[in-house]
Amino acid sequence: MKVMHVDASAKRERSNSRALSRFFIERLRAEGVDVEIDYLDVTVDTPPHVTEAFAIATYTAAEDRTPAMKATLAASDALCQRLLEADALVFAMPMYNWSMPSAFKAFVDSVTRTGLTYVNTEDGRIEGQLGRQKVIFITSRGADLRPGTPFSSMDALTPSLRAAFGFLGVAEPTFVDAQPLQFSDQEARTQALERARGELSAIASRWAQVELSSDVEEEADAI
Ligand SMILES: Cc1cc2nc3c(=O)[nH]c(=O)nc-3n(C[C@H](O)[C@H](O)[C@H](O)COP(=O)(O)O)c2cc1C
């Protein structure tokens with residue numbers, strides 16, 4: 001399984017979202033999945049912010065683009081290709097000011113591309129191209145935003161991720177939200193991490209079952 005693994009926390013060794021995404025990949029391997037990783041740290045290789053040149057080039061039909069426009073889009077083209085080639089997408093990030101880290105938003109702006117990650121069909125529909133990929137968002141939050149808590153209405157992260165990737169064809173993403181990890185006592189933090197690891201283990205096990213059974217089907221077809 002080719003997995004594109006993206007981390008987005010400004011923290012490194014002390015990052016919870018990074019530790020949880022590593023844990024998830026380890027669990028997939030422990031379940032017997034042959035995992036090939038394409039890794040991207042968007043805090044190191046941050047895609048550029050949208051510029052005027054990008055905004056014009058991206059909405060110019062591919063056949064009408066000048067060499068300069070093609071050069072403007074080259075890095076974004078390559079990033080889209082990486083997403084399209086992956087079988088699974090593992091996106092890990094902290095909540096910053098109720099939404100996604102700006103480095104991850106720059107990534108979203110880079111990979112939302114007409115003619116690549118979504119296409120306009122002849123009958124006027126928009127067809128996202130990431131329908132084949134399994135997708136998991138692993139988010140870490142300082143507060144507890146679960147339903148029924150005072151902060152639940154402040155969650156602008158989950159809906160924005162759902163919308164951005166739904167547009168690209170991701171119909172049923174999985175979310176594992178570790179919370180509360182900062183604005184709480186130590187016991188609540190420990191429980192939040194345990195809960196998240198439990199959910200991640202269960203999801204890794206489900207993904208492995210699907211992956212290993214499709215391997216068996218492919219082998220049977222080949223006989
Ligand atoms: C700049 C900044 C903004 C933050 N904003 C929020 C927020 O709006 N809501 C929240 O629940 N936690 C917020 N936090 C807390 C982080 O989401 C939390 O500590 C998380 O566990 C960090 O993940 P990490 O360990 O992977 O970096 C913020 C942290 C930072 C550094």
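Residue numbers in this text run from 1 along the chain shown.
Even glycines carry a Cβ here, placed using N, Cα and C.
The FMN binding site annotation in TrEMBL covers SER9, SER15, ASN16, SER17. TrEMBL lists 1-199 with the feature domain 'Flavodoxin-like fold'.
Structure with TrEMBL features highlighted.
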residue: SER9; record: FMN binding site; Cβ within 10 Å: 23
residue: SER15; record: FMN binding site; Cβ within 10 Å: 20
residue: ASN16; record: FMN binding site; Cβ within 10 Å: 24
residue: SER17; record: FMN binding site; Cβ within 10 Å: 26
### Task
Other than SER9, SER15, ASN16, SER17, which residues of the same chain sit close to FMN? List them in sequence order, counting a residue when its Cβ is within 8 Å of the Cβ centroid of the site.
ASP7, LYS11, ARG14, ARG18, ALA19, LEU20, ALA92, MET93, PRO94, SER140
### Query
If H, G and I count as helix, E and B as strand, and all else as coil, what does DSSP give for SER15 (FMN binding site)?
coil
